[in-house]
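For reference, TrEMBL has these:
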- ARG15, GLU75, SER104: substrate binding site (BINDING)
- ARG15, TYR22, GLU34, GLU82, GLU91, GLN92, HIS93, LYS100, ASP101: ATP binding site (BINDING)
- GLU34, GLU82: divalent metal cation binding site (BINDING)
- 36-55: transmembrane segment (TRANSMEM)
- 62-85: transmembrane segment (TRANSMEM)
- GLU75: active site, proton acceptor (ACT_SITE)
- 105-123: transmembrane segment (TRANSMEM)
Amino acid sequence: MLPRSPYKCSFGLQRILNATGYSLAGFKAAFQNEAAFRQIILINSMLIPLSFFMPVSRVEQVIMIVVCLLAIIVELINSAIEAVVDRVSMEQHPLSKNAKDMGSAAQFVALAIIALTWGACLIPA
């Protein structure tokens, strides 16, 4: 077992409050520093409200919204990977390129899932 960090609260309401603060700081950092994150937010700010006006069942609507939120999650993780890689070294290295490219590929898959899901829900069978 690893030693516990003296800086980390691991129980109770204080842990939840700390985690919420860190999460909000992460959203703020992503929005301020990552154009791709802002673009995903813009796309979702159009798609999610649009889903309420689509001729789909409630279950299909929820699925359409969930896949949109998935793209936000993937972009946050992709941005975190890029930040860590840049923090380690700004020089070009094949492993750094691979890490960034894989994060980008994950976002590509998430966006493809949005297109496939919305298409499947909206195009008549």
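Positions of Cβ are set from backbone N, Cα and C atoms, glycine also.
Feature map: TrEMBL annotations on the structure.
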| residue | record | Cβ contacts under 8 Å, 6 or more apart |
| --- | --- | --- |
| GLU34 | ATP binding site | GLU75, SER79 |
| GLU82 | divalent metal cation binding site | LYS100, GLY103 |
| GLU91 | ATP binding site | none |
| HIS93 | ATP binding site | none |
| ASP101 | ATP binding site | none |
| SER104 | substrate binding site | ASN78 |
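ARG15 (substrate binding site): 12 other CB atoms within 10 A of its CB, across all protein chains. Counted within 10 Å of its Cβ, the other Cβ atoms near GLU75 (substrate binding site) come to 23, all protein chains included. Whole-number maximum of the Cα to Cα distances across the substrate-binding residues ARG15, GLU75, SER104: 32 angstrom.
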